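K.L.:
Pulled the feature table from TrEMBL, pasting it below:
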SIGNAL    1-21  signal peptide
TRANSMEM  293-310  transmembrane segment
DOMAIN    296-500  domain 'TM7S3/TM198-like'
TRANSMEM  317-333  transmembrane segment
TRANSMEM  345-364  transmembrane segment
TRANSMEM  371-391  transmembrane segment
TRANSMEM  403-420  transmembrane segment
TRANSMEM  427-449  transmembrane segment
TRANSMEM  482-500  transmembrane segment
Amino acid sequence: MWRLRLLVLGVLAAAPAEAQANSSDGFLEFSVGKFTHLLLSRPLPQEAILRHISGNVTFLLFQIHSQYQNTTVSFTKTLLPGTSGTGNDRGLVFMLRPEQTMCTWYLETKDAKPVQTVAIPLSYSERDPIPGGCNLEFDLDIDPNIYLDYNFFETTIKFAPANLGYARYGAEPPPCDVSTGQESRWRLRYDVYQYFLPEGDLTEASLLQHLQRMAQVSQVKASAVKVVTLTSDDKTTVSFSSLWGQGVVYNVIVSDPSLNTSAAYVPVHTYACSFESVDGNCASPVRRVSTKVFSTVFAVLGIFICFFGHRFWKTELFFVGFIFLGFFFYILISRLTSLKYDVRLVLTAVAGSIGGILLVASWWRFGTLMLCMLCVGLVLGFLVSSGTFFTPLGNLNVFRDDGVFWVTFSCITLLVPVIFMGCLRILNILACGAVGSYSVVLAIDSYIFSSLSYMTLNVLRRALNTDFRAAFIGVPFQTKDFLVLAVWGMLAVSGITLQIRRERGQAPFPPHPYKLWKQERERRVTNILDPSHHIPPLRERLYGRLTQIRELFQKEQPAGERTPLLL
């Protein structure tokens, strides 16, 4: 590999006179630290030239970005193994030779359509660490690229370790794995940054504009959010929760604490979806029709519960039982079967309805108030616990362990009904207001993207996918999310206040329905003056009504003698 690289550098060293002579024949002139917008076409590669390189520059990092179409950047016009990179966000590190003042790259695309791109060359000195300088996994000898992979649950980035910088004149690169002391590359630190694009903005121009904030070290630190810091002992792999249809840019800043210097890798972006697939295309980021119908019906019921749940106690129990059984049933069929999403959603709705009916039936027959309120408190506790882990607390390393996470999550969930066990009416009203209004947030997310929906969806993802425990939870919180949060808070406060004022002076909970029914039946049996005492039983009334309906469809039977009888 190193011999091939020396051969490439030798070819480029002999090319300055020819490149300079052909500078007027369509070559692309670049300047250090300045972005250039390019339109690449398929037929021939375009030659990019950087002139007047300063003598204190040790290596150059050239990078090119596009939205979803692949581009190729290469050291040579003819692609050779280990001298080029192809993808949406790709770059190459060029180690300069003594007295070299010009550098050349070749840019091309295999896509049939023209590709709009943005490119920039960056320069670094001998004190700066070299991104990807100790690469042992990927194709390039020095690989500054970040490799990204995503699925429905998580987005994972990988990158090669960096190496210490070295002098341009006659120095050898420091060995990567000879020692692990402070004089080696093991002293380097890696800061992983995350940057969110505007919500709902899938335009190419917006992406290329915001990518310019993630290329240079100073701009990355000023614009993005640092998620985690890795040492050289850690794996150079980081996972994040996937946000379908939301643009996210990632970059890594490698720093040398001894020299107080740093360098940036090539930023990489994703929408956690494909622009070229037919099903689930990024260009139409809408939820399925089944999701919209399910969430809309659920939200209508939730609004009713938010304002009238305590008064209509049985309806609230159906709502709580639906959530309780539906949540666990969806996890069960998702982990044990490979059914399509729409089928699972329908089965979940059926199972949730059964759970609601069972909870209402248990209240009607047995009147177990504590059991019903335990279910109500657990649903509210689930929402509180989900909100707790939706904060930066959920990204602590201790919660990467599933056992620690689920025990802590369960304790917070159980803590809510325990705290309010002495004031069950307040617990019930709080649950009606908070849970009922949150159903509106889920319905809003089915039509437009909302980060607040991931408060509970992330818990569901962790229950469905074991690898999700390593993912960092990060979502954008922009203007739209503040509006949704305001709607949620307004509905919750309004519903809780209305129900507390309306229920003041009323009985905390309705009486046992089965006891009332038995008392009413006994009263009807013993009180013969009650008009309802003379009403036939329900079975006889139904049989009589069916007999009347049957007679409507029967033909009139002949009466025999048709002449009138003589008296």
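Heads up, the Cβ atoms here are built off N, Cα and C, so glycines get one too.
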K.L.:
Determine the mean pLDDT over the domain 'TM7S3/TM198-like' (296-500), rounding to the nearest whole number.
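P.N.:
Averaged over the domain 'TM7S3/TM198-like' (296-500), per-residue pLDDT gives 94.
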K.L.:
Report the listed stretch (317-333, 345-364, 403-420, 482-500) having the maximum count of Cβ pairs within less than 8 Å of the transmembrane segment (427-449).
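P.N.:
Out of the listed stretches, 482-500 contacts the transmembrane segment (427-449) most.
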K.L.:
Could you name the stretch, out of 293-310, 317-333, 371-391, with the greatest number of CB pairs under 8 A to the transmembrane segment (345-364)?
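P.N.:
Most contacts with the transmembrane segment (345-364): 317-333.
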K.L.:
Using a Cβ cut-off under 8 Å, which residues of the same chain at least 6 positions beyond either end of the transmembrane segment (482-500) come close to it?
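P.N.:
Contacts of the transmembrane segment (482-500) (Cβ under 8 Å, skipping residues fewer than 6 from its ends): 303, 306-311, 426, 429-430, 432-434, 436-438, 440-441, 444, 450, 452.
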K.L.:
Please report, as numbers and ranges, the same-chain residues at least 6 past the borders of the transmembrane segment (403-420) whose CB is under 8 Å from any CB of it.
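P.N.:
Answer is 373-374, 376-378, 380-382, 384-385, 388-389, 426-427, 430, 459, 462, 469.
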K.L.:
Quick test of the contact rule: Cβ under 8 Å, at least six residues beyond the ends. What residues does that give for the transmembrane segment (293-310)?
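P.N.:
Residues 287, 316, 319, 345, 349, 425, 428-429, 431-433, 435-440, 442-443, 445-446, 491-492, 494-495, 498-499, 503.
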